[in-house]
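The structure appears below as structure tokens.
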Amino acid sequence: MELQIRNVSKTYTKGRGGEVQALKNVTLTIPNGMYGLLGPNGAGKSTLMRILATLQEPDEGSVHLGNIDVVNQPEQVRQTLGYLPQEFGVYPKARAEELLDHFAILKGFSQRKSRREVVGALLQKVNLWDVRHQKLGGYSGGMRQRFGVAVALLGNPKLLIVDEPTAGLDPAERVRFLNLLSELGENSVVILSTHIVEDVSELCTRMAIINKGEILHEAEPLEAMNALHGRIWQKVIAKNELAQLEREHTIISTKLLGGRTVVHVYSEETPAMFDPVQPDLEDVYFSVMADHMMAGRVADSQGGQQNDQQANEA
Amino acid sequence: MTFGEIFRFEISYQFRHVSTWLLFAFFFLFGFIILRLVTLTDGTYLNAPGTITFFTVFGSAIWVVIGGVIVGDTATRDVQTRMHPLTYTAPVSKFGYLGARFLAALALNSLLLLTLYAGFLGSLYGPGAKTQFVSPFRPDTYLANFAFLALPTSMATTAIQFMVAALSGRAIASYIASISIILFSQFGGTTVRFALEWKTLGGLMDLLGTSIIAEMEGWTPIEKNTRLVLLEGPWLWNRLTWLGIAVSALVYTYFRFQMSHQASSSRRSLFRSRQAAVSSAAQPTHTRIEYTSLINVPDVPRYFSRQTQLHQVLAIAGQSFWSIAKSWTGLTLVAVLALGTGLLATEYMEWLGVPLLARTQEVLNVLTPPLSSYKTHWIIIPLLIIFYAGELIWREREAGLHELSDTTPTPEWVLFIGKFGGLTLIITIWVAFLMLAGIINQLVMGYYQFELDVYVKALFGIQLTNYLLFALLIFVLHVLVNQKYIGHVVAFGAYGFLLFASMLGVEYKLLIYGSDPGWSYSDMSGFDPYSKPWLWFKLYWVSWAVLLAILAILFWVRSKEGGPTARFQRAKHRYSRHKMALFVALAFVVGTGGLLFYNTNVLNVYLTKSDRMALRADYERRYGRYEHAARPVLTHTKLQVEIYPEEQAADIRGTFSLINRSNKAIDSIHLSTIPFNPLEAISFNRPASSVVADDKLGYHIYSLKKPLAPGDSVQMRFVVHIKPTGFSNEGIDASIVANGSHITSDWMPVIGYQANRQIRSVQDRLAYGLPPRAERPSLYDVAARNENQHAELMGFDALVGTSKSQIAVAPGALQRTWTKGDRRYFQYATNAPILNEYAFFSAKYAVQERQWVHRLTGYQYAFQGPERVVKPVIIQIFYHPSHAGNVARMMKSAQASLAYYTQEFGAYPYTHFRVLERPGHGRGMHAEPMTIDYQEGYSLMNPQPGGLDLPYHIMAHEVAHQWWGLYLAPAAVEGAGLLVESLATYSAMQVVEETLGREHLLRYLSQMRQEYKVPRSRAAPPLLRSNNSFLNYRKGPFALYALRNYIGKKRVNDALRQLLRTYTPAHPLPTTLDFYRELQAVTPDSLHYLLHDLFATNTFWDLKTEQATAKQTKTGAWQVTLTVDARKMRVDSMGRETNVPMNDWIEIGVFAPAKNGQKTGLPIYLQKKRIRFGKQRITVMVPDKLIQVGPIQAGIDPNHLLIDYEMNDNMKALTFER
């Protein structure tokens, strides 16, 4: 099954007549497997996620999961949808097992016996079996997140949408959580939206970078890293040298390391006094972002023209 | 941030909410509209302080209920929006933070209440104002009401709301606080004040000022127009109490509130769940990460069938149910109320001091208020429904897991019906509590025949349906509004509409959601005849409910998209799936609505209140000119009545014999009939033609070809059909039911124009464009005394048929009875003429019969002439077999009454005396010639040995009407009530004293004087011009009783007898002036002043004993010295008081200590003394031996003979001087 997102746009009206375009003409094709949607805060990731999860409707464009029209047939999508929202609450007085059982009923597990099996297995899978009788109000953030995964996984969804799942998790919980996700995605479309590059590099076979409602780059992480091979350079400088360097080079990122500044620049030739580095996904991300901001949106404007043509034809 | 900055920000932030503006708009409009809608009848002005006070209280009651949103937001917004970590860590003190927020809320709330006054002013002085009802502008009216009523209410309420909301961190808590305040202060306060009679405490509990409103009932119009509510007396204490409560709430809030991070899970939430806080779950430490991948989740098939959806509905219903059931207020509130209602049964299951028999019919009165009633503590159920509907609809969203549940494959209707199902379960349990309350009530009252089937029908059939219809409406509103607090405001608006629809001028039941034409359950007639219209109306409303539910499902929000466009978009998507259901529901609404319309507007005439008034006005305008037209007199009525109880129908064929008693020829005969109820087959035994046939106003004129010469007579025949065609907006006329039919003579045509159909009230006459006319003809209107149609006597015979199993009764002796087929016939004829006032009864009666023979003792006056002999009388009581409790005492009372009245006043004219029961809850009786009827409520009085025997009294009173009212019919002028009701009550008092003893009479009088305690204006006309029931039933009898104690029983009876002796039904008819003359004749000159005070003027005494001391003299006797303050004043009808000098004979008494079970002890000394106006000392000598140990009471007017509303200060405990 394949998720096809075609020319999806979404605009929010803010107070006093202002408008914010959250998604501009987004077109993506997402195959089975783990797909990463990477972008800074406010890039439009969550809006896209919610559109896929039938919670919002795009102003324009269409979304299809296989043969299902996600926008107009939300009921069918929901039968095979798993959604882990960015933020969610629980009934603090409810016990994990009982609330998961309730969700199982809502998700169509009507046979009591088999439902119990599923609920039990899921609780074990997300490692909440031992605390299944405890009240959800007492759960830590990570446990609560895993409970959310259990809800999302009910019914082996063909479309699994995970919105910023690792935000706010401690490193151990994050590893635990990513492990859980890594198992999925062989037979389903799993979309993971995040602003943490490691999440994507560790899990995803394909990814897209989104900013200000536009898809800036769509690639496989490995390929993208390879494509940058030999073009990312690094230099450790003092803080006051940064302004000077900015004028001479395309800086894609700066990082602090032990009080000094580590600068990554993009250059097709070897810049003086720089060391070559093996590009990682972060470099991909930052070079795309930097490219978008400074170089004048080359890749995107092409995409834009294409879309305009399509619009004209239509 | 400074204090001022927080305050300023908060105010301006609140004004960014639409709901704030809506509230302001609401209160302005409320103030504006209410003063336009209201009509004041007693001469008070629209801007009178009293009127403004009343609407200030009314307005603040509404504000308390719906105004909680402001505090809810100011007190909890930071926590709700999770911004509190920022605000709490800002450099602002707790005092500043809380104080500024509270003051902002208080300022806004007070401003809201001020808007009310802006509305008032707009209404009073804006365009279209009714200036004739507006007096000159007085700023202190508004200032005093705002400062002493509204503002303190606002302070206390805001403080309490703020405390509850800030400490719980939940905005909805302020709403709960509002409801609790209303319940505590209004229902609690009223219960404490009236049911338990703890006046002071009840007065203090009253936050809004309803105790002042109750007090104002006793204000004169002058007082209402001028008196301001000031901070004095009990009201000062009340305001101080509430101010104290407000300050305590704020201090408590200050100390309990913590400006620190509060883990939401560990906070004990008062309104959510009664379970204790949960402890934080421990992290499992032994977890090994790799485990996860080893577990396989079985691939279990899922089903998305109807069955699954049903399963889901049940699961959601169960979860919703438990979420309410486990909360603090979910079940406990109604349970406690039910328990209290049951256990406190003895407090309210009484009528005028007489315990009631707790038959289910009686108990249901307490348990089944209509949804549109706010004068019941069961108002808690609709209020809780509104609250929990909001909670359920917003449950997922408030917990934050709506994105999880909204993306599950459950259709919207499953979510909607599931939640509604949960609430349904809760309401069902509440209704079960109601049933329990009823059963406990019956157990407490010692009644053990539980009619469970009746309970089930009334509670689970009727009440539950009403509550569910209401709950569904509120659900739909919450879904459609999609904003919790505005949703609540809208829900309250809807509820307010249901409560006050008729006040708002909406009477048409098809427009008032959930309404029905009313119902009532009776042991005699069951739910007959109310069930049929009830069912049709409910079918109509259920169709509406389904339609609304489908709309809610279409517009159900399960996404981020709350905007109208997006929701319409979604609704369009969902429409196709629900099209079928929508159209079926719509078809049902239209179908049942059409059917109801056909019934209420086509088969029957739909008339609003003002339509009815307009008809009466038209009747007067069009035919009033015939008021004095010569008319023949009805001398004989012959009727053939066929009653068909099962079909609720009757056919009446009548023949009137009419005679011209005037000295002019009569050329036409005028008939008044019931509007819209055409008579059939009117014919005369001489040529006549119809000139006017106005069925709409009910007026007919037949012109006689040959005028009716003086002394000549004519016979008129007619047919009346009674058969309800369908039902009207008011339901079905209950005259004829399967068991317990009661057809009055009002169904028959009457000869001539009927002045008593005219509009009486001065205001209404003005409104309907009629010339001014006094409500009643003046006592001094000599012409009115000649109107004697109501006093004319006629012969009467009737043949009545009914179904075989029933007994039919009409006036007269039963000539014969027979059965023909499945019908039974009764032939009645009177042996003495009767007034034109009678009724037919038919029911499955049990009968008790006794013959009463007059023993010739005492005076023998036959009041219709000396030749009349006292005939034996057959007394028959026709009663419902299960209502036999009072039959024996009724029989005794009837016998004793006939004996006493015959002896004192003259012979009873008929050979029969009948008493008949009919369906209904009334407790009184109604007298017609030789017949008395009573509703079932009378049978359910259950006097206890040693207690007041009120049924005996009422019976004696009604028997007395055979003399007062039915034999002697006074002129229809002011004071007529004194001659009918006061004399009947006074006569009954004599019977009671003769047969049950003086002690019992005193108990009766003391119960009757309870009416003094009801706030009562002293403004009234004198008794001779008596015009209301207090004067007729209380003050009149008290005055006669006082007179009796001054001049003696015999002399009063002499005067009464004389009045009867001189009576003839010919004009002019007697008035109170004739009675007054008779009283003067029997009263010694020295007491004529008293007669004048009691009857000819509206006089009050203020008699008070300030000091009572006793000193032993040398002779051994005791000298008792009293310091008394005596005043006498006249009060006119507007309340102006004038002191009058006095030199009155008033009883001075010294009483021995009361023995156990007695209210007062025996008199040691009791003498009338001359008392003058003002403070004075009175010294009386009491023989030595009579002074005993214990508190001795002494004082002035100990028997409360003179009219003095303050009865507690007449007596004082004696202190001894050495």
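A Cβ is built for glycine as well, from the same backbone N, Cα and C atoms used for every other residue.
What TrEMBL says about a protein is an automatic prediction, not a curated fact.
Among the features that TrEMBL reports, transmembrane segment is placed at B:21-40, B:52-72, B:102-122, B:142-165, B:172-196, B:328-346, B:376-394, B:414-440, B:460-480, B:492-514, B:534-557, B:578-598 (among others).
Residues 37, 62, 65-66, 371-374, 382, 386, 466, 469-470, 473-474, 477, 537, 540-541, 544, 593, 596-597, 600, 606, 608-609, 729 of the same chain, all 6+ positions outside the transmembrane segment (B:492-514), place their C-beta atoms under 8 angstroms from a C-beta of that stretch. Long-range contacts of the transmembrane segment (B:534-557) within the same chain: residues 412-413, 415-417, 420, 462, 465, 469, 472-473, 475-476, 479-480, 482, 509-510, 513-517, 519, 527, 567, 570-571, 574-575, 578, 581-582, 585-586, 588-589, 591-593, 595-596, 599, 727, 731, each at least 6 residues beyond the stretch ends and with a Cβ under 8 Å from a Cβ of the stretch.
The stretches the transmembrane segment (B:328-346) and the transmembrane segment (B:414-440) are in mutual contact, each linked to the other by at least three Cβ pairs under 8 Å (pairs 6 or more apart in sequence). For the transmembrane segment (B:578-598), the list of distant contacts is 413, 510, 536-537, 539-540, 543-544, 546-547, 550, 553-554, 726: same-chain residues at least six beyond its ends, Cβ to Cβ under 8 Å. Long-range Cβ contacts of the transmembrane segment (B:460-480) within its own chain (Cβ-Cβ under 8 Å, at least 6 residues beyond either end) map to 367-368, 370-371, 381-382, 385-386, 389-390, 392-394, 416, 419-420, 423-424, 427-428, 430-431, 434-435, 487, 490-491, 494-495, 498, 513-514, 519, 534, 538, 541-542, 545, 548-549, 551-552, 555-557.
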